[in-house]
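Undergrad: Sharing a structure, written as structure tokens. Questions coming.
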Amino acid sequence: MSIHISAKQGDIADKILLPGDPLRAKFIAENFLEDAVCFNEVRNMFGYTGTYKGERVSVMGTGMGMPSISIYARELIVDYGVKKLIRVGTAGSLNENVHVRELVLAQAAATNSNIIRNDWPQYDFPQIANFNLLDKAYHIAKNFGMTTHVGNVLSSDVFYSNYFEKNIELGKWGVKAVEMEAAALYYLAAQHQVDALAIMTISDSLVNPDEDTTAEERQNTFTDMMKVGLETLIAD
């Protein structure tokens, strides 16, 4: 057991999908994994291990925001030996060419958080994806015929931001979308020398306000990113 995860050693696979929403973790386990067993219910942050196409994989919720994903990802890496971590979550488009239900693969993650500068006050440490996972995910998504964007995202500490116009301006600099976790995940992966990738589905748009989705859709659909994430985890 770790502080926030009740699993025993061996309960968690060395490769894992990390949705923010624990109910999305439950959905993935019930709809994509065979012989899924729940290994965590602490704080209702559900985690499951099963098999996907014969490969042992896990899925677990992380909650919202960088502090929350930092807790769960660190314990998964340090206490349970997880080596591949793929975030599957939602994001808001910052770019007029990136639309609702399309995929974004976060090649890198800018951030307005001080979570990394607490460790490196003299540096702007770049948070980047593992290239092998990124490359595999891109080709898997394209082979599925999914509209997929690759590039920088913004990991924000604030959902209801007072810097709306600044965030929009980032879209003009090539930033694809805004979300709340990728930078912290990539930083932990660099710190512990494991592989990480963030795959997001666009759930709404800051530049095309007529594009949005319901809370139920966000929980129970968006299966494209789940398929890409699972296929990427088991790819040779």
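Cβ coordinates come from backbone N, Cα and C, glycine included.
For Asp204, the entry in Swiss-Prot reads active site, proton donor, with the evidence type sequence analysis. According to Swiss-Prot, the purine D-ribonucleoside binding site annotation covers His4, Glu179, Met180, Glu181, Ser203, Asp204. Look at Swiss-Prot and you will find Gly20, Arg24, Arg43, Arg87, Val88, Gly89, Thr90 tagged as phosphate binding site. Taken from Swiss-Prot, the feature site 'Important for catalytic activity' applies to Arg218.
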Undergrad: Whose Cβ, among the binding-site residues His4, Arg87, has more other Cβ atoms within 10 Å than any of the rest?
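TA: That would be Arg87, with the highest Cβ count within 10 Å.
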Undergrad: Report the nearest neighbour of Gly89 (phosphate binding site) in space among the recorded positions His4, Met180, Asp204, comparing Cα positions.
TA: Met180
Undergrad: Using a 10 Å radius around its CB, how many other CB atoms surround Arg43 (phosphate binding site)?
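TA: By my count, 14.
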Undergrad: Can you tell me the CA-to-CA distance separating Arg43 (phosphate binding site) and Met180 (purine D-ribonucleoside binding site), as a whole number of Å?
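TA: Their Cα atoms are separated by 20 Å.
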Undergrad: Could you tell me the C-alpha distance between Gly20 (phosphate binding site) and Glu181 (purine D-ribonucleoside binding site) in angstrom, no decimals?
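TA: Cα-Cα, rounded: 9 Å.
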Undergrad: Considering each pair of residues in His4, Glu179, Met180, Glu181, Ser203, Asp204, all listed as binding purine D-ribonucleoside, report the largest CA to CA distance in Å, no decimals.
TA: 31
Undergrad: Quick one: of Arg24, Val88, Thr90, which binding-site residues lie within 10 angstroms of Met180 (purine D-ribonucleoside binding site), measuring between C-alpha atoms? Sequence order, please.
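TA: Of everything listed, what lies within 10 Å of Met180 (purine D-ribonucleoside binding site) (Cα to Cα) is Thr90.
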Undergrad: Just checking a number: largest C-alpha distance across Gly20, Arg24, Arg43, Arg87, Val88, Gly89, Thr90 for the phosphate site, rounded to a whole Å.
TA: 22
Undergrad: Work through the recorded positions one by one (Glu179, Asp204) and point out the residue whose CB has the fewest other CB atoms within 10 angstroms.
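TA: If we count Cβ atoms within 10 Å for the recorded positions Glu179, Asp204, the smallest count is at Asp204.
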Undergrad: 10 Å Cβ neighbour count around Met180 (purine D-ribonucleoside binding site)?
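TA: Result for Met180 (purine D-ribonucleoside binding site): 25 other Cβ atoms within 10 Å.
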Undergrad: Just to verify a number: CA distance, Glu181 (purine D-ribonucleoside binding site) to Arg87 (phosphate binding site), in angstrom, no decimals.
TA: 8
Undergrad: Starting from the Cα of Glu179 (purine D-ribonucleoside binding site), work out which of the recorded positions (Arg24, Arg87, Val88, Thr90, Asp204) are within 10 Å.
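TA: Those close enough are Thr90.
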Undergrad: Determine, from DSSP, whether Arg43 (phosphate binding site) sits in helix, strand or coil.
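TA: Where Arg43 (phosphate binding site) sits, the three-state DSSP reduction gives helix.
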Undergrad: May I ask for the distance between Arg87 (phosphate binding site) and the residue listed as 'active site, proton donor', taken between their Cα atoms and rounded to an integer number of Å?
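TA: Here the two Cα atoms are 18 Å apart.
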